[in-house]
Amino acid sequence: MIEVIFLGTGGIKPTPERNVPSIAIKVEGELILFDVGEGTLRQMEIAGLSPMKIRRIFITHFHGDHYLGLPALIQTMNLWKRKEPLHIYGPENSIEFIKNLLNSGYFAPSFDVTVHELPGKARLQFEKYEVWAFEVSHGVPALGYVFKEKDRRGSFDLEKIKNLGLEPGPWMKELEEKKVINIGGRTIRLSEVTGPKKRGAKIVYTGDTEPCENVIQFSRRANLLIHEATYLNSEDRGESYHTTVEEACEIWKKSKAFNLALFHRGPRYSFKEYKEGATKLCPQAMIPRDFDRIMVKGAEYVIFKVR
């Protein structure tokens, strides 16, 4: 089970209703953060999430509302005597920008902070999941991210076991660990006695972007597309390089992702006003508030939990 926790659903600046962007993905006790707007540490405290559980942080771009929460987060980790390395990923110039942040004030972390600059397209492999980076269109170097849970092996198939003249037993645990074993002089492979692989969850986070073909391509058949929708309509669009609700809904439909969540709401809207307007334009979309959670299990289902 993967848990997506919305720590900040607003954009540009905090409002009394919501904080600026940060999304946590919780998988088997590990926390991965996508963007760290100012105040993210406080949001984590309210959500009951420990900064010490964070192993990786992915920054979409270097506008303040997406990264200015980093110093407070890292200094708190240091105060709590963190020893485990922290890995931060982002677009070009990440090393310079984060180095400048860490050099400000009377502070130096006692643990390793490693910054990885990602090209416009990257695929990172970790033990239980992958993260893919792709370029979006925001007027500055900016990335969207795909979180992809690794596919899991299929269940043991008793019919296949029987057809090989075998009976269920302790050898199954050994086979699960080693993938290939020898029974009675015969080589048995795990793939011979299990069913089809179970597809892992796929979650896409766009960060800030105007309508972008890359989002459609990388969101193909995702369980969940988290797309920015700063404006309810094009008449409200002040600056460029952002998306309206209607545009985000159209991108979602083209991508054939199964579920859509809209975030990065402009500060001009109350939640009530935004939800009413967005629901008329895209009735199927989820409109999360800060601290709402979405539970994703494999490729099977998505549950939206309101705080």
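Note that the numbers count up from 1, one per residue, in the order the chain is shown.
Cβ atoms here come from the backbone N, Cα and C positions, even for glycine.
As given in Swiss-Prot:
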type	residues	note
BINDING	His61, His63, His138, Asp208	Zn(2+) 1 binding site
BINDING	Asp65, His66, Asp208, His264	Zn(2+) 2 binding site
ACT_SITE	Asp65	active site, proton acceptor
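Excluding Asp65, His66, Asp208, His264, which define the Zn(2+) 2 site, the same chain contributes Gly11, Ile12, Val20, Pro21, Asp35, Gly37, Thr60, His61, His63, Gly207, Glu228 within 8 Å (Cβ to the Cβ centroid), listed in sequence order. Using a 10 Å Cβ-Cβ cutoff, Asp208 (Zn(2+) 1 binding site) registers 26 neighbours. It is 14 Å from the Cα atom of His61 (Zn(2+) 1 binding site) to that of His264 (Zn(2+) 2 binding site).
The Cβ centroid of His61, His63, His138, Asp208 marks the Zn(2+) 1 site; residues of that chain outside this set whose Cβ lies within 8 Å of it are Thr60, Phe62, His66, Val136, Gly139, Val140, Ala142, Gly207, Thr209, Tyr241, given in sequence order. DSSP classifies His66 (Zn(2+) 2 binding site) as helix under the three-state reduction.
DSSP assigns His138 (Zn(2+) 1 binding site) to coil in the three-state reduction, outside any helix or strand. A C-beta separation below 8 Å, combined with a sequence spacing of at least six in one chain, links His63 (Zn(2+) 1 binding site) to Val140, Asp208. Spacing of His66 (Zn(2+) 2 binding site) relative to His138 (Zn(2+) 1 binding site) is 13 Å (Cα to Cα, whole number).
Rounded to a whole number, the C-alpha distance linking His138 (Zn(2+) 1 binding site) with His264 (Zn(2+) 2 binding site) is 14 angstrom. Sequence-distant neighbours of Asp65 (Zn(2+) 2 binding site) (same chain, six or more apart, CB under 8 Å from its CB) are Gly11, Ile12, Lys13, Val20, Pro21, Gly37, Glu38, listed in sequence order. Contacts of His264 (Zn(2+) 2 binding site) defined by a Cβ separation under 8 A and a same-chain sequence distance of 6+ are given as Thr9, Gly10, Gly11, Pro21, Asp208, Glu228, Ala229, Thr230, His242, in order along the sequence. Shown are the binding-site residues His61, His66, His138; the one with the most C-beta atoms within 10 angstroms of its own C-beta is His66.
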